[in-house]
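Single-structure report; data block below.
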Amino acid sequence: MAISKVWISLLLALAVVLSAPAARAEEAAAAEEAAAAPEAVLTLHADNFDDAIAKHPFILVEFYAPWCGHCKSLAPEYEKAAQLLSKHDPAIVLAKVDANDEKNKPLAGKYEVQGFPTLKIFRNGGKNIQEYKGPREAEGIVEYLKKQVGPASKEIKAPEDATYLEDGKIHIVGVFTEFSGTEFTNFLELAEKLRCDYDFGHTVHANHLPRGDAAVERPLVRLFKPFDELVVDSKDFDVSALEKFIDASSTPKVVTFDKNPDNHPYLLKYFQSNAPKAMLFLNFSTGPFESFKSAYYGAVEEFSGKDVKFLIGDIEASQGAFQYFGLKEDQAPLILIQDSDSKKFLKEQVEAGQIVAWLKDYFDGKLTPFRKSEPIPEANNEPVKVVVADNIHDVVFKSGKNVLIEFYAPWCGHCKKLAPILDEAAATLQSEEDVVIAKIDATANDVPGEFDVQGYPTLYFVTPSGKKVSYEGGRTADEIVDYIKKNKETAGQAAAAATEKAAEPAATEPLKDEL
């Protein structure tokens, strides 16, 4: 199971150093001006959403929740940007949808809204939908969106048109003999697809580019970046191959997890990747840092052909990661690997000279995975049973009972609101010996791969025969009780299901070992 978007946000939030706010007088003046003007942000809902998307060839939509603090912070900036962009020629439209409203929840589900605020760009009547990945303050929103409505790739006609390529960001430039043919068409198709992520340019004059050469063999795609080898080229113009080339080339060989906001886009890509991840955590401000860094970068080069992504993290900035992986500062320096099956391998108190050997043992399959788990409770007498990673399979899949299990976070307001409701439902069902209501702190325990937990609270219902469904019932005690009574398996049903399963042909491939 990949790291959820909820946790990606938390990992980065704990690393961010907020810039100083603008002067209070300027903020007050802007607020007064915004309040005086009519609202420029369109309010969309289930009844008018499709018509608005069809009407506007380009529209930015914010999916928000009224209770969300981040949404409240964004609101005045979003409105200010909408007012400024309403004067653009052509006008650029900003809209919002209350995704917390029951009638709008199908929209949120359709467009995979998993957190708030979520912003998406809809182009060409919704035929092309992209995540908004720009700034969250008015001026930045305006600048970003103006670029999004122009051509996906801009022609570089002179050296002064190419100075932006050295601004410390990632840029992709196509170098052609002429602006026609399959290669150019594929390049523009890719530019349109990835324009929210990168700036694209094209030229017939390679010598106009930084470190350019008029004699370069064209056509080619050149990627400029502020790290590693600075420039990389590809001559494969297959759209899929180009996309893979850009994805592989646009992340540093070693991603740095610190408080520098310039590194956060690379961290997002790193944690969103399904590839195995190696992470070295230590204190960046202590003496041994340079020797560890040298040894780690050397290991990265040695294992460059392996399918693994590398990160080096400062423990001061990486508290979110420590919490997610169940680590403690006194274990550092430490090296951790999370593979594509979410199995984890740990070497704590690692020495610089041990890094290469430990990584070799991992690639040779000699390491034993570890699991983050709270201790199994000695007493578990409350109506809602406490489950941890070390006993979740015994309680949920091997108990022979119907189990409603909640994955929660201690800080989650919705979880706190649900807690007494689950207690009431569990107390009502205490006489039902074949029913268990349980909960697991998903921030302190690894979530097994059988469950997809992207937010909190997440509830699943599992029957004695192993049937597992995401709980989509009501959130009152009576509704939970009714759901369980209607959906639970009796002993006879479970036995029949087990007999039927035993009669099925053997699987052609062995099942994966459970964590």
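Note: Cβ is positioned from N, Cα and C throughout, glycine not excepted.
Remember, TrEMBL labels are computer predictions, not curated facts.
The following features are taken from TrEMBL:
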{"type": "COMPBIAS", "residues": "494-509", "note": "compositional bias 'Low complexity'"}
{"type": "DISULFID", "residues": "Cys68-Cys71", "note": "disulfide bond"}
{"type": "DISULFID", "residues": "Cys412-Cys415", "note": "disulfide bond"}
{"type": "DOMAIN", "residues": "14-150", "note": "domain 'Thioredoxin'"}
{"type": "DOMAIN", "residues": "346-489", "note": "domain 'Thioredoxin'"}
{"type": "REGION", "residues": "494-515", "note": "region 'Disordered'"}
{"type": "SIGNAL", "residues": "1-25", "note": "signal peptide"}
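Projection of TrEMBL feature records onto the structure.
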| residue | record | Cβ within 10 Å |
| --- | --- | --- |
| Cys68 | disulfide bond | 16 |
| Cys71 | disulfide bond | 21 |
| Cys412 | disulfide bond | 17 |
| Cys415 | disulfide bond | 20 |
Exercise for review: Pop the Cα-Cα gap between Cys68 (disulfide bond) and Cys415 (disulfide bond) into the table, whole Å please.
Suggested key: 15
Point to revise | Alpha-carbon spacing, Cys71 (disulfide bond) to Cys412 (disulfide bond), which is rounded to whole Å | key: 17
Check your understanding: What Cα-Cα separation, expressed in whole Å, is found between Cys412 (disulfide bond) and Cys68 (disulfide bond)?
Key -> 12
Exercise for review: Quick one: average pLDDT across the domain 'Thioredoxin' (346-489), no decimals.
Suggested key: 92
Revision key, fill the gap. DSSP assigns the residues of the domain 'Thioredoxin' (346-489) as 44 helix, 28 strand, 72 coil
Study note, to complete from the structure: Counted with DSSP (H/G/I as helix, E/B as strand, rest coil), the domain 'Thioredoxin' (14-150) has 61 helix, 26 strand, 50 coil
